[in-house]
Structures are given as structure tokens and as C-alpha cells.
Amino acid sequence: MGLLDKLSGWLGLRKKEVNVLCLGLDNSGKTTIINQLKPSSHLNHLGPLSPEWKHVSQTPAQEIVPTIGFNIEKFKSSSLSFTVFDMSGQSRYRNLWEHYYKESHAIIFVIDSGDKLRMVVAKEELDTLLNHEDIRSKKMPVLFFANKMDLRDAVSSVKVSQMLSLENIKDKPWHICASNAIKGEGLQEGLDWLQGSCSTSPVTDNSKTSLVTSENMLSSCWMKQNLSGAVLKTLQICCTIFTAHVM
């Protein structure tokens, strides 16, 4: 059974859209994990998607405007529209994450288990994420992938959990599992947990609302102060395209 079959199974609902944020620092393996969802991916070791599923679209940020820093993967079946937002983990793009929090239903947070030097940065970003007003009030599940377990210097998922102080998360269901995204190891375990945790979570019908509009994204002071007029214009065009994807 493919990963998207798992995600569709726990919904039990029709004509719903599920928005999942895939977050983490750059080079942690987020995009590789998302690529496992694609039926055509050469990385897919977890079995093909159900025949009813279609990989509808991919919108790489680099093909729209390099400064945006996100990829959109959209899948559809007869009963579900499933959208994954692969957010850039580079420091200059992390300010964009918060624009996607409000309408999200679950979070996948990916950690490079072999990069102990940046584990402190990962913890800081995670703490900022969990304390954001649009996340703090939600009971949304958070799935952690302690990725790159094949590396010689990788620390265990238990150690990663301790370094990130995950035991302090009291108001949300969370789970951490070791993974090797390239080989697909550990991903099925994570999705199995996500299935059980999300089975009772409400899923908002987003057919009449978009996840992000150009207005609220461009209202960011960080954006206005650091982007040139030409880039802002390009960003506005990109946001219009993005809104069309999530409608």
C-alpha cells in the first residue's frame, strides 16, 4: 500500500483537502521524503500508489521565482485532494513557514541525524514553530523523522528526541522514528503512526478558502524590507499561481 493510500485511509471523509507541512532545516531530506509519495519516483521503494490516485501537479519554486523557497506537490483521488508543502529550510526562507500554519492539518518535521552541530538550530526553529499562535492552539499531530540514519555519525532517534526536548510537547500528539529517506526505511512506520493519530482529527473543507493569499504573504514586514520592488512583483505573480494550486 502506498503512502498516499495510508493518508486517504485515515480520513474517512469525502471531498476534503488535507494540507501537510513538511518542515526542517535545509539538507535534512525533506524533498527526498516527499519524493517517496510520487508513483513515478525512482526513489519509491514503498510500492506504487493506488490506481485511483493521480499525481496532479508539481510546482518547484525554482521554476517560478528562486526566492520563494517552497515546492508544492498535489495529489487527487475520487474522494480526496492531498497537498504537501515542502518548505525550504534555508535560514532566509524560514520566515515563510508561518504563512502556511493556519490551514494546516499535520506537520512532518525532518531532522538530519548526522548533523549534530545544527541540532541546536533545529531545536530553535521547532520551538518557534510550536509556540506560534496558529500552531499552539491546535491538536495537530507532529511526525518527526530522524533522517539519514545510514550515516556513520548519525545519532539515534532517542538521542535526537532528547536533544530537541520532545518530551516537553504536552499539547499535541507526536512521534519520532528513525529513517533513511533514500531507501525509504522508516517512512512507512511514520505514516502508520500518522494514520492512527489523525483518524479523529477534524479536516477542514478548503474548497472555498485558499491556504495563503498574496495579500497576507506580502504583508510580512520581512518581505517588504528585504525584497526589491521587482522581486515583490514577481512574488505577487507567484502567489497568484500558488493560490490557484490550493483552491
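Glycine is no exception: its Cβ is also placed from the backbone N, Cα and C atoms.
Heads up, TrEMBL stuff is auto-annotated, nobody curated it.
Look at TrEMBL and you will find GLY24, LEU25, ASP26, ASN27, SER28, GLY29, LYS30, THR31, GLY89, ASN147, LYS148, MET149, ASP150 tagged as GTP binding site.
Within 10 Å of the C-beta of THR31 (Mg(2+) binding site) there are 17 other C-beta atoms, taking all protein chains into account. For THR31, THR67, the entry in TrEMBL reads Mg(2+) binding site.
Under DSSP, GLY24 (GTP binding site) is assigned to a strand (E or B) in the three-state scheme. Non-local neighbourhood of LYS148 (GTP binding site): SER28, GLY29, ASP112, SER113, GLY114, ALA154, ASN180, ALA181, each in the same chain, at least six residues away, with C-beta under 8 Å from its C-beta. Distance noted between the C-alpha atoms of THR31 (Mg(2+) binding site) and GLY24 (GTP binding site) is 10 Å.
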